[in-house]
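Listed in TrEMBL for this protein:
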- B:4-242: domain 'Aspartate/glutamate/uridylate kinase' (DOMAIN)
- B:Lys8: site 'Transition state stabilizer' (SITE)
- B:Gly40, B:Gly41, B:Arg62, B:Asn157: substrate binding site (BINDING)
- B:Lys223: site 'Transition state stabilizer' (SITE)
There are 2 protein chains.
Amino acid sequence: MDRLTIIKVGGKVVEDTQQLNLLLDQFNRFSGNKILVHGGGNTATEVAGKLGIETELVDGRRITSKSMLDVVTMVYGGLVNKKIVAGLQARGCNAIGLTGADLNLISAIKRPAGEIDYGFVGDVNDVNSRELRLMLNENVVPVVAPLTHDGKGSLLNTNADTIAAELAIELSGHYSTFLFYCFDKPGVLLDPDDDSKIIYELQAEQFNDYKQKGVISTGMLPKLDNGFRAKRNGVKEVLITNTENLSSGRGTRLV
Amino acid sequence: MDRLTIIKVGGKVVEDTQQLNLLLDQFNRFSGNKILVHGGGNTATEVAGKLGIETELVDGRRITSKSMLDVVTMVYGGLVNKKIVAGLQARGCNAIGLTGADLNLISAIKRPAGEIDYGFVGDVNDVNSRELRLMLNENVVPVVAPLTHDGKGSLLNTNADTIAAELAIELSGHYSTFLFYCFDKPGVLLDPDDDSKIIYELQAEQFNDYKQKGVISTGMLPKLDNGFRAKRNGVKEVLITNTENLSSGRGTRLV
């Protein structure tokens, strides 16, 4: 099977021009099939604030009212996504920006209101990679924003770590798939304040142990839960790292 | 050659939910290859206003500062585009949203500052339809936002009427291309206040005559200039109409 690299980059990386340029340079160097999945939460919070819409997060997840859905559609699907696409095109990389609505790539179900009503947040229902794979065959590079759709005309806000994992799982049936979570730390750290304390290999049992003991910070948990799920479902390799170490492959490898 | 229908819809049509739904129903009924090109100027003005960015128009063209470029990228490339895509997917139409940066579809040159400095406004340089045509062959329906890129990493704001004409001209080498300009009047009117006074056929000489006499309102001029240019450059048919008459083909035909 051909190799496919899926790189998920967090908001902090794509929202700073200098960091974004470094990332795009690094990303551009990966040969073969590749997909970039991005966040953009900080910009969404900033734009929402300017529009007088308050941001409410529960465990890092955004409560998405109708007006907040418009904001994330503008920011993720428009501003952040198209800046990345234009930046990659400038580097000779034939990028295309997508949300889960485009090509019916990722359909989702609006999360039912339980104790918390997350609003227009979608839990992934199905990934349809047919047209995406046709584009990969033409050396097109998809850039995917963290939005899905309900198939009834509404977009939904979906966590970018989850989107990256779901794409990786679906595509691992067609490619030897490598999933990289790229954020602002060089890997999963034993001590969040010491960047040298990288856990180079993390096993599922170890992870559960660390989770119980509270060693791994809460912000890392969705990334790792998604990463291990991807690993269990056919994804060849999952690496958690930062932009600087993206090409060297240094970071935390899930095993 | 296969038939291709390109429909350009103005801001007023796509910005009102009821009108948008009517349009998407009509658009969905067109069989064969089709492309939707949209505007979104009123929403851009509204969002800019809320963000404290003043809108300045010269002859209906938006002066596009750096912050206004971010607004139109959010509104055209994100909000309006993805709402249309989700609406079409809900109707079983496999839509994909694109700007000129995606797939390097439309590259442009930043308009040099003359008497007026339009800022980040792009004049179309080149249309690359290769990947677009591959998608049309797969029954994918492109939805194109009025944004281009300079190939150096910057998006540019480009008039939607022009985008529709440029796409139609490029694609008329591959398809028997029909270009529809869909706006809020049933066609070009001899009297702008009387919707029954439709000019059903408009010849280039007649148009020049009307233009000199001031019979045709200034807002129509870019649409007609683009329409006649398309007609001269291989586009099979150019029709100016509204949503209600889209399927009947009633309206102003350029001849």
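Cβ atoms here come from the backbone N, Cα and C positions, even for glycine.
DSSP gives B:Gly41 (substrate binding site) a helix state. Distance from the CA of B:Lys223 (site 'Transition state stabilizer') to the CA of B:Arg62 (substrate binding site) is 16 Å. When the C-alpha distances from B:Lys223 (site 'Transition state stabilizer') to the recorded positions B:Lys8, B:Gly40, B:Asn157 are tabulated, the minimum falls on B:Lys8. Across the structure, B:Gly41 (substrate binding site) and B:Lys8 (site 'Transition state stabilizer') are spaced 14 Å apart at their Cα atoms. Here the binding-site residues are B:Gly40, B:Gly41, and the one whose Cβ sees the fewest other Cβ atoms within 10 Å is B:Gly41. The two recorded residues B:Lys8 (site 'Transition state stabilizer') and B:Gly40 (substrate binding site) have their Cα atoms spaced 12 Å from each other. All protein chains considered, the CB of B:Lys8 (site 'Transition state stabilizer') has 29 other CB atoms within 10 Å. Summarising model confidence by region, the domain 'Aspartate/glutamate/uridylate kinase' (B:4-242) averages a pLDDT of 95. DSSP assigns B:Arg62 (substrate binding site) to a strand segment in the three-state reduction. The number of other CB atoms found within 10 A of the CB of B:Lys223 (site 'Transition state stabilizer'), across every protein chain shown, is 24. In the three-state DSSP scheme, B:Lys223 (site 'Transition state stabilizer') falls into the helix class. In sequence order, B:Arg62, B:Thr64, B:Met68, B:Leu69, B:Val72, B:Gly119, B:Phe120, B:Val121, B:Gly122, B:Pro146, B:Leu147 constitute the residues six or more apart from B:Asn157 (substrate binding site) in its chain with CB-CB distances below 8 Å. Spread of the substrate binding residues is 12 Å (greatest Cα-Cα distance among B:Gly40, B:Gly41, B:Arg62, B:Asn157).
Here the Cβ of B:Arg62 (substrate binding site) has 23 other Cβ atoms within 10 Å, regardless of which shown protein chain they belong to.
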